[in-house]
Every structure is written in structure tokens, then in C-alpha cells.
Amino acid sequence: MAAPLTLLLIVAVTIRAVLFRSSLAELISARVEVVSPLNAWKRVVEGLALLDLGVSPYSGDVFHEVTDGITALALYLSIQTYNKDVFRKQKYALESDRYSADCLELLRSPKEMFYIPLKVAMFYLLNPFTILSCVAKSTCGLNNAIIALFIFCTLKGSALLSGILLALATYQSIYPLTLFAPALLFFLQRLYIPVNLRRSSFWFFTLQYAFMYVGSLVVITGLSFFLLGSWDFIPSVYGFIFSVPDLTPNIGLFWYFFAEMFEHFRLFFSCVFQINVFFYTIPLSIKLKEHPVFLIFMQIAIISIFKSYPTVGDVALYMAFLPAWSHLYRFLRNIFLVSCVLLACSALFPVLWHLWIYAGSANSNFYYAITLLFNFGQILLVADYFYAYLRREHHLTHGLYLKKKDGTEATLVLK
Amino acid sequence: DSDPVGFDSLDLNERRGRSTDAELDRRDGTRTSEALTPAAAARDEFQEELVIRPLHSGDIYASFQFRTLWDTDFLQEGQKVSHYRLFPKSLGQVLSKFSVRELHISFTQGFWRTMQWGQPFIPSPPGAELWVWFHDTVSDVDGNWKELTNVLSGIFCASLNFIDLTNTVQPSASFKPLGLGNATDHRFLRYATLPREIVCTENLTPWKKLLPCGSKAGLAVLLKSEKLFHSSFHSQAVHIRPVCQDEQCTSKAWELRQTLNVVFDLYTAGQGKKEWSLFKMFSRTLTEACPLATSSKVYVDITDNPELFELSPATPLLSQAVVLGDRRTYSVYDLSRAETFGQLRSLNLLLRWKGDGEMLRPLLHAERYVAGFGLQTGEIHTVIYNNHPYRAFPVLLMDSVPWYLQLYIHTLTVTSKSRDNKPSYIHYQPAKDRHRPHLLEMLIQLPPHSMTEVTVQFERALLKWTEYTPDPNHGFYVGSSVVSALVPSMVAMNTNFTQDQPLFSSFVPVKEESSYFVRVYTEPLLVNLPTPDFSMPYNVICLTCTVVAVGYGSFYNLLTRTFQVDEPSLPLAKRLANLIRRIRGVPLLT
């Protein structure tokens, strides 16, 4: 498997290198869909220039290609580990007769799972969103790399490294905090500790992991304080993320909402929108406590959709996971609609931006409409995969061909 | 006649008493008991002058200066001054309440075209400009500044209350005090400009009220608003600063200079004829000097006479002055002498052009414009011209850019003669969103006979819809850049302090012979920002919340419901039958 992966990495690096050298690099790094005030390279360079006026800024394209490679490699290895895990659990479940008799078609075979890690890496590296993000030199690539490494360390079972990487990811943008729950659930599952709030073994491990995570976070924050000499970075980074003062248009839902809001309600709606990112964690964790890796995917998707300054690089990260759930294809209901919506929106974003900002013949509503549609498509995609996953689980335990009381073929509904 | 002009009818709360009548000093509008003690050797002094300079394009430039020297026990802590003679009480109270050391405020309509008109005596940027030096004893400068702007807004009937922290800067080098005192701590300096401010009669009237003679006598009778605002350029300013009263600086005084610069256009006000007179310009003639003034003079720049134009009535008085690096000759009309007014008891100067001439090119000139297209990014270009044939000199460029145009300082380039020209001093204070504007000050050495271009890129922000003005598609103004320099002079400047120096040459203190101080203001910029649709707040809230609700709804469904086999529900008839059967106790239908 090393050879196809190496080939893939070479192709990916070539595409990025070509784009870096072309004139498109300038254009792409100015696109609002790809860079946001939080991760624009231009702002990093500006910050460096302010620190020392007159120093020529570091161009750094190699740095961004490397982070993409790290992400892809980490995802590849994680999915490989995960697949082994899945196959092993399936074997145990079959041996203990937990599956019903007629769901043979739903079982996964090593043959089917062989190419999945490569597909995952390919989905990430060759995704136009990732390429655009890399060529724009957005620091989103770095964020993705850290989250991918975190997933890799979690799946390999190293709690300390996973805690440190998660702290690093949280330090960059506060939203990966929600990934604490799936990581915890994974470790508990791995160590065969039942998730029961009354048992001391559960609390013992939870506190250990929490301590590692919070401790690393404190260390990193303290290091920043010593390096910068003041606590100013806390309000300027986290305050910036939470209070959304910069209304530069992006692919998210926040910018126009806060641009058009009455001052009176600003605090209320800021709180509502931020809580919206965090409050799905507990219910999802309860529902998916047996399936922490799918929970990680769901959490990353929710963060990418509802965070305050999303970019296409964030979208690319959770889209990379989709080949891992390719066995759910038969249960997906809206996949055609969703792919059409996402493709159309991706094409329309630059067009309507140009019409608004440069041609002057459209106004902000056009771009806003596409933003709404794009996020709606993403929500539909994630909800669809969630539905398909739950349905497959239901069929595994209750049988694939279900019959109604009178013997005719039944339809399954959510009630 | 003790009251030829009708001072009795003046508003007693504001008017000062007359210098000649000690008894009338008691009618001073102040409510103090000091009225019983005679004013102790009051040496308040008032001078007025008008300079008329014909310009080569056929336009005419008139510059009024009214100077009041207020001899008072200099502003010390705790000393309340309540005796006002010629100095306006409103401004005196402002000075003492806010511990102001220097105050410069100007209202300008129009832009000064340096290349066509030369250098003005008192430069000013379009709109309103206010810069103030506070005393070192002030503890809360920002609080004083805020109150001061509101009080001045009331005094001058201008909307200076729009000056707040988002358009105030503290320049570190460009605005040194013009009066006494060597202040180096720029924490006590505040500078703000409102390029959008419009000047009209409502601003001229309170300005005229500050003059000792009002607009009833002296040169101020010429200040009629319907003619003054029918001009290409109109600027009225108030400058207050502490000065020395004599060469050894044994006593100090407050100097209040009210200046009014106006340029009348050849075609709109002059009807195309290159012939100007006081009556044509101001629709009034001069009949007498202000009785409170110690000197009241009219200077006409005749350096280009007699080849260029002829001046009547002739006057024997001539004066030479070195101003703005050039030796100019002036015909002087002394209004305190009766013979100036001639037989008709009125003075109406007449200037008739005879030919065209070459104008002396101003040595320093600056322009500014916005480059780029679209509403996302742009570039500010400032071009500074050094027209001196062989001398290079440094200039200090100050730029204050509002926070919603995010400057990228790493894209700052300064090129002279297509080569990089690194500034020797850069002071940059980045903006804080909604708190502070950008401040960029640079010391650039201009090579001789060259054009220097300073470019910096910026990005336009999308504002909250309440932060837009009612006409957002008009654009947002960026205040003028200020270019300050000591320009090498062709002629030796006069560094001596003389009591009877004409006012126009003594505005800026001359420290050395070989150069003179020049301040050039560039054009203000008008920048368009992307606007949201202002009719949409409710719609946006509904639509965004709908998408969020779709997400919430899908997840809620999947989290709280389980899969079940769908048993079809019975048709209505069968259900009713089942109801009856249940009552009867008979088995139900399926």
C-alpha cells in the first residue's frame, strides 16, 4: 500500500507546486471562501511585518505543502487502524450472534476495505478545496494537520499524545474542544471501561484524560503568555472568535446575520450561535457512544458548518472521511441532491462574489443566498450520513428484509 | 459721539467694553465685582489686515487676519480669569476649563490648488480640522478632548461632535506647537479631521461674532456670506496660542488669530473679466477701520505690477516682506488714516489685468488618489513633488486612515525616480477596529526635482448596517494627508521679532534664515465600501435561523427517534368502526 500512497503524495505535491508558481496563487489567496480573517496568511505576514518593520516576509509555500502531506498521512494511517478495528469488532459480533441472519450483505469484507485508506488520503489531497486552501497559504492546513494527528494518536491509543494534540488544536481555535467527548469515548471503549456514570473506573479514566488535556492547554497558554508578555492574546483571539467583530464575507452563516442585526440583540444572537456549535456534543455522544469514530466525523462536520469563520479548508477535512463510510451508500437518501447543491454552490461562489464586488451588478444578497444554500447542502449531507449509519445499525440487529405484520415488505420510518 | 457704531445695542453677555471709555468698562458682560476696580493697564491689542493677491489664472486670493492679543496672567492652575476685553469670553472660558495650550480649528470649503494658486498663507484641509495641545497638567486628555469638541461644536455651529476616538490621532512629529513652549510629549496632542463637514453661513456668523468689532466696522464689514461662499475656496480658522509680547519674552500673552482665506473664481464670481474690485468681490467697500484696532491695513501684492495689472487708487505706502520663501512687494492702505478713504469716504480697490504672466512654481506639492478596482481591495497612492532644481529636503508625511480600511503596512513602498527610497523614520500605529484609526508618519528625503510616490494596499471591511451613513453609496471619506516640511528658501527669511511685522508673515515662527515652514494638504479620498442590503434585517434573521433550524431539526429527529416498521394506518371508516367495536367490546378490525 505504500506505493499507491507515495504516488498519490507525489501527484498532490505536483499539483500544489504548479499552482503556487502560477499567477493563480495571488488570486486564490485573496478569495474570501478560502481565507478568513482568522487564518489568512496575509495577516500572519502583516503581523510579522508589524513586529519588525522592514523585514521582508517569508513566502513559505513549502511549509503549507508539508502540512497537507502530514494531514493526508495521518488520515491514511488512522483509517487503516480504524478499519482493522471495525473488522475485528465485526468478527466478535458475528461470533456472538449479535447480528441477525439475513444481513450478510451489510457485512464488510477486507477486500472492500482494502482501498479505503488510500481513498481517504486521495479525497483529502486531491480535493480542490484543500488545494485552494494550500495555495492560498491559509493556516487552515495547519489546523487540519493537528486535528488529523490528534485522530491518529487517539486511534492508536496514546492518551497523552492525543490530549496534547487536542490542546494544541483547541488553542488555535476553540471549537475542537468538542472533540474531547469522542476521544474519551474511544479510549473508554478501547480499555473496556463501560460508560456508566456510577462506576468509579469511568470517572477515574475521565479525570486522567481531562487532566492531560487541560494540563497541556494550560502549559500552552502559559507558554504564549511568557512569549508575548501579556494576556492580550486571549481577548484578541478567543474574543475575536466568539464576538465576531470582523464581518468579512465568508462561506458561513454568521457574517451577514451580524451585519444586519439590531445592536440590541447582538449579545443574545452571538451566544445562540456559539452555543449551537457546542450543544450537539452531549446528545450525539449519548446516541453514538458505541461508535466514537463516526462521532468524531460528525463533530468535525458540525464545527466546520457552524463555526464563526469557516473556510473551504475546514469543509475538506470532514469530506475526507466520506470514503470510510462508503458502505452506507445504499441507505443514503439525498446524495444526488446534496452533491448537485454543493457543486453548484462551489461554482457560484466566485461568480456572485465577482458580480457583487467587482461588476456591481449584484448585491450582497446574491452571495448570501449561495452561502445559505451551501450550508444547507452541508447540513443535509451530514444528516444523511447520520441517518444511513443509524439505519445500518438498526438493520444489523433487526434484519435487512423486514416484514410488516401481514407479511408484506415493510418500510422503516423514524418515530 | 460716544457710540458711533451702536455698541449699546450689542449683546451685553458677550460684548467687551471699549478701550477709550473707562466708565464703560463696567458694562463688560461679566458678572464680577471687579467692575468697580478699573482695568489695570489693560494691554489687549487688536490688529486686522487684509492681503489681496492676484493669481496668475485670473482668480484673486483674499486673506483676512484678525489678531487679538490677550494680556492676562498666564494660565496658571486655579486662577480663574473673568475679565475679558477684546478677547471673546466663550473662547477664554474654553481655554481655562479644558487647560488648552494651543487650539487650531479650521473650516474649509473647497480644495486649495497649489499648482495653480501657489502656497496659501494659512494652509487648511477640506472639511473641518481641529488640533489641540493640552497642558501637561491634564490627567484625562481623552475626556477633555471629548468635551472640548462638543463645546466647540456649539460655539461654531458645526457638527464637531462627530469627532470621537475613531477619528482622533496623536501625531508624534507632524504637529509641533506653533506658540511658546517646547512640548515633546505627544500624549497631550490630539488631531482630528472631518473631511465631510460643510461650511456655510451658520459657521461664518458665530465666527464673526468672536471679533471685537463684530461685522460692523473695519475689515469685517466685507465678510458678507452670499459673496464669500460664491467662491472656489473658502476657509475660516481660529488659531489660539501663547506668544511672547516682546523680543526678550519677558511677558507672555494669548494670541487669537482669526483667519479667513477666500479665492474668487474668474468665471463664476468675476464674470470672465480680469478686473477685480472690492465691491465686485465682497459687494461692500471699506469705510472705516475698527475703532478697537491698533492697526488696520490692506495689503495688495504688487510684485508683478506694473506689467501684469494696474491698481487704483494709488497709494504711496509700500512694504516689502519675505513670505513663503519669496520677497514680495505690497501696496499698503492704512485704514486708520483718513486720507486713505479719499473724498468719497470709501475705499474700493480696483485691479485691472493687463497681461498674462508666469507663476513661480511652488516648491512642494502633493496629490493623493485611490487605485484599484472593485470593493474588496485598493491602494492609496500619495505623490509628493519636489520642484526645487538642485536642493533635496526631507518632508514629514502624516496619514490618518479610518479603521475600516485595513492597511497592510508590509505592502508600503516609497519610490523616488523609480528607485526605492527608504524613509528614515516611520511611526505606525495600527488601527483597532471601532476604536482607533491607523496613523502613519514617515520622514522621507525628497531628491531634487523629483516625484516621490508612496503606495500602500488596503482591504475594505464590511461594516454593521448601523455604522453606515444614511447615504452609504456616496462613499466614505478619508482625511487629507499632511505633508510638513522646511523648504529651502531662495531668499533669506527674517528671523527677527518685530512688533509691526505684517500678520501674514508672522503666523509661522521662523527659526532659521535658509528655510521656511510649509504644510501641504492633499485631497481627501472618497472610498466606497461594500454595503449589505439595508432592507433585509428581518429577512436575514429569518433565513439564517431557518437554515440553523433545519440542522437542528434533522439532528433532533435522528437523535430522539428510533426506527420502527411502518404499520399503515386504517382508513377513516374502519377507524370509526373500531371505535364502536371497542365500546361494544367486540374484537377490532385490522
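From the backbone N, Cα and C atoms, a Cβ is placed for every residue, glycine too.
Nobody curates TrEMBL annotations by hand; they come from automatic prediction.
Feature list (source: TrEMBL):
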type     : residues  : note
SIGNAL   : A:1-25    : signal peptide
TRANSMEM : A:114-135 : transmembrane segment
TRANSMEM : A:147-168 : transmembrane segment
TRANSMEM : A:174-193 : transmembrane segment
TRANSMEM : A:205-231 : transmembrane segment
TRANSMEM : A:237-258 : transmembrane segment
TRANSMEM : A:265-282 : transmembrane segment
TRANSMEM : A:294-322 : transmembrane segment
TRANSMEM : A:334-359 : transmembrane segment
TRANSMEM : A:365-387 : transmembrane segment
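By number of Cβ pairs under 8 Å, the transmembrane segment (A:334-359) is matched best by A:365-387 from the list A:174-193, A:237-258, A:265-282, A:365-387. By the Cβ criterion (distance under 8 Å, sequence gap of 6 or more), the transmembrane segment (A:114-135) is not counted as touching the transmembrane segment (A:265-282), fewer than 3 such pairs being found.
Residues 159-160, 163-164, 166-168, 170-171, 180, 183-184, 187-188, 191, 193 of the same chain sit 6 or more residues outside the transmembrane segment (A:205-231) yet have a Cβ under 8 Å from a Cβ within it. In this chain, the transmembrane segment (A:365-387) lies apart from the transmembrane segment (A:147-168): fewer than three C-beta pairs between them fall below 8 angstroms, excluding pairs fewer than 6 positions apart.
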